[in-house]
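Here the structure is laid out as structure tokens; the discussion comes afterwards.
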Amino acid sequence: MSDTSVNNTSKAAQVQIGQVQIGHGDAGFSDFYALLKPRVMSLVVFTALVGLLAAPQPVHPFVAFVAILFIALGGGASGALNMWWDADIDRIMKRTQKRPIPAGRVTEGEALGFGAFLSVFSVVMLGLAANWVAAGILAFTIFFYVVVYTMWLKRTTPQNIVIGGAAGAFPPMIGWAVATGGISIESVLMFCLTFMWTPPHFWALALFMKSDYHEAKVPMLTVTHGRKSTRLHILVYTLLLAPVAIGISFTSIGGPVYLAVSLIFNALFVKGAWDIWRRDEAQAEADGYRTEKKVFGLSLLYLFAQFGAILVESTLRIYGMGGW
Amino acid sequence: MALKVEHELHRRRLGRNIGLGLVLLAFVGLVFGLTLVKTKRGDFNMQPEQSQTQQGASG
């Protein structure tokens, strides 16, 4: 037997040992962190923080920090439960194949236990740290994302993103409830802003990731109604989003800075949606879905700018300059 | 060949144990901090309001 074959056999044995042992409950810390969907969590943290800071009642900085931490943890817990339930389709889709469960680093049972524990823990801790209204909305958010969106809608209707998007829209309402202990028109409008933004954002992604959803048999609009219909839906939802976003300008959390930012970004978003609607598949495939990718990137910047402007208004208000 | 083989598995376990330890320490710090803030704000004040006590005494 040559040295090369001995080395190859040895390496193969090591890999086999590694696979068997690591597959049985030996995930690293970073694998559990990845279960929390850190990128989604960053959006949750940002919008919840804006909701909290835009509220009229001040919150002690340490209580605010702890509240945001447990809102983020609750969002992460629902992400872990989503990965547990969707492990079968995550193995099929290229975009999700490197997640801890399909990659074999975390078992499905571990993800379920981890997600369920953190869900209860984050809700109870938010209730104790802030108030039970905020904790109740967080509990409902986790329920909505895991049960209503992941288990029910995602695989049954092309409207999955529209209704399921509500789960991602609750964080600013939770932040507002941490400060005020209730719900108001401003917090509902912040919810509506993210709720209406989610469909065009995800459909732009689905246009250039279509094969992924198709192979996993997830009924995305692109799969069930075709790409032309999806392009029209993006335009319609972007047009419906604009008045909601601009309408926030005239509430107690808006002002001239928000109005200016909102007008600019809604004009850009509508223009992007218009460009998507006017294109056909031949044009999109010819340039590698450049416009769709550009609008997807713009949609991320759009949400950041809208909530950033609310934050600027609330900061200016401290110095007696914000609002009308 | 080394007698003690450092496997990927050992590094993962060490990382997980250190991570969990730090998380638990941070949690203790959070609860301590929250307790201080809430105690200072009077969230745990079990005494009845002075005005109510006086009203009760006069009535």
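Glycine too: its Cβ is placed from the backbone N, Cα and C atoms.
The following features are taken from TrEMBL:
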type     : residues  : note
TRANSMEM : A:40-56   : transmembrane segment
TRANSMEM : A:62-85   : transmembrane segment
TRANSMEM : A:106-126 : transmembrane segment
TRANSMEM : A:132-153 : transmembrane segment
TRANSMEM : A:160-182 : transmembrane segment
TRANSMEM : A:188-209 : transmembrane segment
TRANSMEM : A:230-250 : transmembrane segment
TRANSMEM : A:256-274 : transmembrane segment
TRANSMEM : A:295-319 : transmembrane segment
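If you look at the transmembrane segment (A:188-209), the same-chain residues 6 or more away from its ends with a CB under 8 A from one of its CBs are 47, 50-51, 54, 95, 161-162, 165-166, 168-173, 176, 220-222, 227, 230-231, 233-234, 237-238, 240-241, 244-245, 247-248, 251, 253, 269, 273, 276, 284, 289, 292-293, 295-296, 299-300, 302-303, 306-307, 310. For the transmembrane segment (A:62-85), the partner stretch with the highest count of Cβ pairs under 8 angstroms, out of A:40-56, A:106-126, A:132-153, A:230-250, A:295-319, is A:106-126. Most Cβ pairs under 8 Å to the transmembrane segment (A:40-56), among the stretches A:106-126, A:132-153, A:230-250, A:295-319, belong to A:295-319. Remote same-chain partners of the transmembrane segment (A:295-319), defined as residues 6 or more beyond its termini with a Cβ less than 8 Å from a stretch Cβ, comprise 43, 46-47, 49-50, 53-54, 172, 190, 193-194, 197, 200-201, 204-205, 208, 234, 245, 248, 253-255, 257-258, 261-262, 265-266, 268-269, 272-273, 275-276. Within the chain carrying the transmembrane segment (A:230-250), a Cβ under 8 angstroms from the stretch's Cβ atoms is held by residues 186, 189-190, 192-193, 196-197, 199-200, 203-204, 206-207, 221-222, 258-259, 262-263, 265-266, 269-270, 272-274, 276-277, 279, 295, 306, 310, 324, all 6 or more beyond its ends. Long-range Cβ contacts of the transmembrane segment (A:106-126) within its own chain (Cβ-Cβ under 8 Å, at least 6 residues beyond either end) map to 23-25, 27, 31-32, 35-36, 66-67, 70-71, 73-74, 76-81, 83-84, 87, 100, 134-135, 138-139, 142, 146, 174, 178.
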